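Let me begin by presenting the structure, written as structure tokens, before commenting on it.
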Amino acid sequence: MNWMEVSIVINHEVQEFVTSILEENESNGVVIEDSKDLDGELADKFGEIYELDPNDYPDTGVRVKAYFNEIDYSEELKNQLLRNIQELAELDKNIFDYNEQIIKESDWENEWKNYFHPFKASKNFTIVPSWETYQKESDSELCIELDPGMAFGTGDHPTTSMCLNAIEQYVKPSDSVIDVGTGSGILSIACHLLGVRHIKAVDLDELAVRVAKENFEKNSCENAIETTTGNLLKGETNKYDVVIANILAHIIEEMIEDAYNTLNEEGRFITSGIIIEKSDEIIEHMKRVGFNIISINHDNGWACIVGEKVSN
């Protein structure tokens, strides 16, 4: 199977809107190449891990790369993307650019290696590519070895980072956890590293499930995590202390009631993948169902919301 890489150069003001448009049109992952990164702005957050190649970045603005299954990428989809992006009021059409290229699946692993290096994703979690060696900086540092494959979820997106921080704060070793839309399995691995022993990872995409299983093996937790294909929480009969979902807002809307019903009393629903503009709608829906909102965090235009199931 081949993949269509869509490369779009835009101004910073519309970055989050364009990313959301691509994800809502079911892209299989997004890469951000920000011209500001060449100024060293990431150094304070992630440390001096590697040097950036200026040739990989636009002269100005942001290059957003999205990946679609070649079979699914049609002229109709292209026109819809162009129409939605060009309708953005703040779009600077002087720098706007839209390009496409086919990437063979056999080349995908090497393509990702150009972007993926060790970095600190949260207070205690560091993400380490499976093809690189890394020396822990302290005993408290928890390293997740990862090969994103085609499932993405490398931890460098603000939503994943916020979920990792929420997991550190709200997940206990004694908890049972279900990770909905597990992708590369990063959030399930994080729970395992914190001592959780009852974890279920679910994804609708069979490829994502395969990649997640491979990453569980890399982190020696394949026997501790139940992995399965499934459509959100539909058909789930077990109860859990924590439901985690880092997926798009309109999908989260569909599963809020199921998340509430799947949780034990005082269980926690950790959810992200929500642009700030849609966060109030999600929060109100969660409250109507019966959740007590215990945490709301924002990062770069995205929100992470944690709700607790109120005892009846």
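Using the three backbone atoms N, Cα and C, a Cβ is placed for every residue, glycine included.
Database features, via Swiss-Prot:
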{"type": "BINDING", "residues": "Thr160, Gly181, Asp203, Asn246", "note": "S-adenosyl-L-methionine binding site"}
Three-state secondary structure, Thr160 (S-adenosyl-L-methionine binding site) (per DSSP): helix
Binding-site residues compared (Thr160, Gly181, Asn246) - the one with the fewest other Cβ atoms within 10 Å: Gly181
Binding residues Thr160, Gly181, Asp203, Asn246 (S-adenosyl-L-methionine) - maximum C-alpha distance in whole Å: 16
Cβ neighbours of Asp203 (S-adenosyl-L-methionine binding site) where a neighbour is any other Cβ within 10 Å: 27
